[in-house]
Every structure is written in structure tokens, then in C-alpha cells.
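J.: Among the features that TrEMBL reports, compositional bias 'Basic and acidic residues' is placed at 336-346. Per TrEMBL, the feature region 'Disordered' maps to 323-346. If you look up TrEMBL, you'll see 20-37, 64-82, 89-110, 116-136, 157-178, 184-207, 219-241, 253-274 marked as transmembrane segment.
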Amino acid sequence: MATSSASSWREGMSSDNIKGLCLALSSSFFIGASFIVKKKGLKKAGASGIRAGSGGYSYLYEPLWWVGMITMIVGEIANFAAYAFAPAILVTPLGALSIIISAALAHIILRERLHIFGILGCVLCVVGSTTIVLHAPQEREIESVAEVWALAMEPAFLLYAASVITATFILIFHFIPLYGQTHIMVYIGVCSLVGSLTVMSVKALGIAIKLTLNGMNQLIFPQTWAFTLVVTFCVLTQMNYLNKALDTFNTAVVSPIYYVMFTTFTIVASVIMFKDWDRQSPTQVITEICGFVTILSGTFLLHKTKDMADGLQTSISIRLPKHSEEDGFDGGEGIPLRRQESMRST
């Protein structure tokens, strides 16, 4: 069995997979930090204009928000490159590291206290990510962007894409006007659903660029530009609704929930489109699923820390609106999940 495990490691961690792994790790550092910088910018902009959660765009005039945005872009570029070298089932779960960085910095900089079980959740995220990395499949050999387009045009993926688009429109036009300010899953649902299509298109575009740099020009194919348009539209949509989620809810809660949903939909999309699990044994697939469940357990703990009261001060802070700190109240250890407008002083 030890020999089999060693063989599985050598097969899974090809040179391309290692490049993708390194790029994904660096991406997580930048993205995790960008959440905090952008949140600071959103708070500062909201103090002098209409908040993003209320439909405002004053943050576009705030330099600090742009610093966070540039930091996120650097991380996304590294992430973009990672998808060109490694399968999504390897790259995407490593986003758990950005959760840890984001939660730690939120604890230090934003004073959004992290419970001891939140720390345990971070550890579980690392363990689950490591499990997935050790059993990740090799990257699929693709020789042209037209081949990726053919995979995207298969009935199974077309059905998935149609379901995602339908669900996104329902969330945007029906649920967001009713529940956007009180239910965290609405904004994050839009980001995660659209994000799964973003990753598939980013991977296709990354493969096209990699092949072009290797001497096989893919820019002459219309499919390359079609994937570019999809990436542009999806990224803008994600950015808009992620800003609303960050401005309305606690960073330490937004980050893990977004990670869980985004990763789940991305893995589903990758399994359908690129058939990642077709190239693996049942043991490897089950191990990867167990690794992902471990990550889900970690993010669940991070999420549930919002309900853990630690004395009267914490109980008071849980009942206060998210922006109470901005009004001069030191919120204690509670992590409020949603704004409660009825309790805001006017």
C-alpha cells in the first residue's frame, strides 16, 4: 500500500501540477489580504457616501479600496495562471488558505474576533486542502482551445450552464430585492454560481495562452475570444455582488461561506466539463471527497463561531448591527451575521 501511495503521489504531482500548486498558494496569500484592504476601503467610503450594500458605488472613489482591488487582481492573475497548469480540483480547494489569512487579518486589523473553534476550523481547512493536493488528478492533455470548446458544448455541461444562469437570474431579480440585506446566502449564491462558469472559462483561456506561448497560436480561433467575453462578464458580476456581501456582512463569515459554495460549484463544473474523476481510481475520488468534507467542516466551524457567546459583552455585540464599531462602540467578541436596521440609531 505504501508503494501504491508513493506511485499515486508521483503520478498526481507532475511538473505542471507543481507549478499550478505554487501559483495557487501565492494567489491565496494575495487574495486573503485583499479582502481586508477592500473591507477597510468600503467602510471608509460608506462613512461619507452611499454604502455598497445599499446600492452605492462611492467605494470607486476610495484609494484604499483600489489598493485592495489591485492586490486581489495580482492574486487572481496567479490563480489564472495556476488553472493553465493544474486541474481545477487541485487549484480551487487551495483557496482555503485565503480564508485563514482573511480571518486572521480580520481579527487583528478589523477587530472581528475569531473564536478558538474558528482557529480549529482553519486547521481543518489546511488538513483538507493537503489531502486533496496529495491525491489530485493529472492535468488533462489538451492540444487546442477548440478541444475545450467541444467539451463545453457537450450536453451535460450545457445543462449545468443553463441551470446556473437560470438560478442566477432568479437570485438577482427575485431574492436580492427581498432578502439581500438580511440573508448572506443570496449575494454569495450569485458570486458562487457565476464563479464556477468563470473558472471554466479562465481555464480555457489560460490553456489558450499557454499553447500560444508554446508556439501554437490560439488567438486565431473565435472560441478564444468567446471565452474571453465570458470571463469579463462573469468577473464583473462576481466583483459587484461580492462587494455587496462584504459591505453588508462580516468578513470572517463572508470568506468561508463564499469559499465553500464557490469551491463546490467549481468542482462540480470541472468534473462535468473536464471529466477529472474519469482519470482516477475510486479510492482517489473518495479520498478527495473526504478532503473536501474536511474543508467544509472547517468552514462550518468558522461560520458557527458567530453564534458562540462568551459572557454578557459577547451577547450584546451579537445583537448589535454590523456597523456599530463605526459608530464608536467596541463590539466585543461576537461576529454578527446580518445587519439589523431596526436597531440602528438614527
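Glycine too: its Cβ is placed from the backbone N, Cα and C atoms.
On this model, are these features tucked inside or out on the surface, and what's nearby?
T.: Long-range contacts of the transmembrane segment (20-37) within its own chain (CB-CB distance under 8 A, at least 6 residues past either end) are made by residues 13, 64-65, 67-69, 71-72, 74-76, 78-79, 81-87, 90-91, 94-102, 105-106, 109-110, 133, 139, 246, 251, 254-255.
Within the same chain, residues 19-21, 23-24, 26-31, 33-42, 44-45, 91, 98, 202, 205-206 sit at least 6 positions outside the transmembrane segment (64-82) and bring their C-beta atoms closer than 8 Å to a C-beta of that stretch.
Same-chain neighbours of the transmembrane segment (89-110): 17, 20-21, 23-25, 27-29, 31-33, 35-36, 39-40, 75, 79, 82-83, 118, 122, 125-126, 128-129, 132-133, 136-137, 199, 250-252, 255-256, 259, 262-263, 266-267, 270-271, 276, 288, 291-292, 295, 298-299, 302, counting only residues six or more beyond its ends whose CB sits under 8 Å from a CB of the stretch.
Beyond its flanks by at least six residues, the transmembrane segment (116-136) meets 8-9, 12-13, 17, 21, 86-87, 89-90, 93-94, 96-97, 99-100, 103-104, 252, 256, 280, 284, 287-288, 290-302, 304-305, 308 of its own chain at Cβ-Cβ distances under 8 Å.
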J.: Excluding the flanking five residues on each side, which residues at least 6 beyond the ends of the transmembrane segment (253-274) place their CB within less than 8 Å of a CB in that stretch?
T.: 32, 35, 87-89, 92-93, 95-96, 98-99, 102-103, 121, 140, 151-152, 154, 156-157, 160, 164, 184-185, 188-189, 191-193, 195-197, 199-200, 203, 242, 245-246, 292, 295-296, 298-299, 302-303, 306, 335, 337
J.: Near the transmembrane segment (157-178), which residues from the same chain, at least 6 beyond its ends, have a CB less than 8 A from one of its CBs?
T.: 151, 186-187, 189-190, 193-194, 196-197, 237, 265, 268-269, 272-273
J.: By a Cβ-Cβ criterion of under 8 Å, what residues six or more beyond either terminus of the transmembrane segment (184-207) are in contact with it?
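T.: Apart from its flanks, the transmembrane segment (184-207) reaches 79-81, 83-84, 88, 92, 142, 145, 148-149, 152, 161, 164, 167-168, 171-172, 175-176, 218, 223-224, 227-228, 230-231, 234-235, 237-238, 241-242, 244-245, 248-249, 253-254, 257-258, 261-262, 264-266, 268-270, 273-274, 337-338.
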